[in-house]
Amino acid sequence: MESRVLSRAGALSSLPHLRKPPRETIGCASFVAVKAVGSFADGGNLIWGRQLRPELCSPALKKETVLLRPCLAAASSPAEGGDSAGEKVAPAGFFDKYPALVTGFFFFTWYFLNVIFNILNKKIYNYFPYPYFVSVIHLLVGVVYCLVSWTVGLPKRAPIDSNLLKLLIPVAVCHALGHVTSNVSFAAVAVSFTHTIKALEPFFNAAASQFILGQSIPLTLWLSLAPVVIGVSMASLTELSFNWVGFISAMISNISFTYRSIYSKKAMTDMDSTNVYAYISIIALIVCIPPAVIVEGPTLLKHGFNDAIAKVGLVKFVSDLFWVGMFYHLYNQVATNTLERVAPLTHAVGNVLKRVFVIGFSIIVFGNKISTQTGIGTAIAIAGVALYSLIKARMEEEKRQAKAA
């Protein structure tokens, strides 16, 4: 037994002497030098994920700092997420891992905000029938929201010059006119009927493109618009809440938004959509204030405000106006963000479904009675809009692919 122990001791003594590595290099076979140009905001320097106190660092290192980072090539494996350079790849975030779920959430939010806006808007008109003033409140709340967002830097305000302002003014004027006339229609007739009339907007867009911009519209697009015109006509003839103020206002709204689209194409800019919409809202608010004061101002001061407060109370009246303005701004903003995430075809289908949701929920919430012919006409009009949107989106996609090729 003793001889075995001695023999093992002799074998160990024949091996090279193993020295303990220095403390600075324990657990790392090699290092990768990473150059960090510039200085951190607080003057510290990061080494291996730790921040050193500024007074312990040389002033010269603030301009150009060399960071030492462990090379994990020996330790990492493909199964552990190591790449060819030995770096660990950060795990994918939730938004990257589930893009379809995130896009679905955007659509749900868009529909939800739009339905709530339409329902709350109509409830306000049931006890406060002043659409010009309510239109101003919609824009005012949105403008305040934009100003607060700019103040905190979410998003950062984009500068605007006189040339861009000249391009945005026609867009904002059409936006203001379309918004006010839409609200006049909402106040005069059922929400479902106003949205049925507004389904004619693609028809006006096609007509403007053909006869104003001189663009050739294929016959298939014109044919797809026939069900829209027929359906709206059927719905209008037997609509129980029909009146000419609501009908004509909705038609003017369609024309206004058509011209807004035309001017928007001429005002293409590199500015992000959030800032563009904020500037358009500010200009539109300035445009909407004078008509509201002239048309509804005297009546509001005489008994309009007092009647509304007597019916629902001051707190509910003010809170309803605030929230309807907030929902109006947010649903428009989310609609823009959704468009940026999906292809035009998907957005077109989503826009048609949104109108179906609004019409359906408004009928359920307000208990609007509709005739059989109105229901059939509305369904035909929506189907025509869907067909038109699908054909137009596919044509745009083919043009995009042709340019890319």
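Just so you know, glycine gets a Cβ as well, placed from its N, Cα and C.
What TrEMBL says about a protein is an automatic prediction, not a curated fact.
These come from TrEMBL:
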TRANSMEM  98-120  transmembrane segment
DOMAIN    102-389  domain 'Sugar phosphate transporter'
TRANSMEM  132-152  transmembrane segment
TRANSMEM  167-191  transmembrane segment
TRANSMEM  203-230  transmembrane segment
TRANSMEM  242-262  transmembrane segment
TRANSMEM  274-294  transmembrane segment
TRANSMEM  314-331  transmembrane segment
TRANSMEM  352-368  transmembrane segment
TRANSMEM  374-391  transmembrane segment
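No contact links the transmembrane segment (314-331) to the transmembrane segment (203-230), because fewer than 3 Cβ pairs that are 6 or more residues apart lie under 8 A. On the 0 to 100 pLDDT scale, the domain 'Sugar phosphate transporter' (102-389) averages 89 in this prediction. Counting Cβ pairs closer than 8 Å to the transmembrane segment (352-368), the top stretch among 167-191, 242-262, 274-294 is 167-191.
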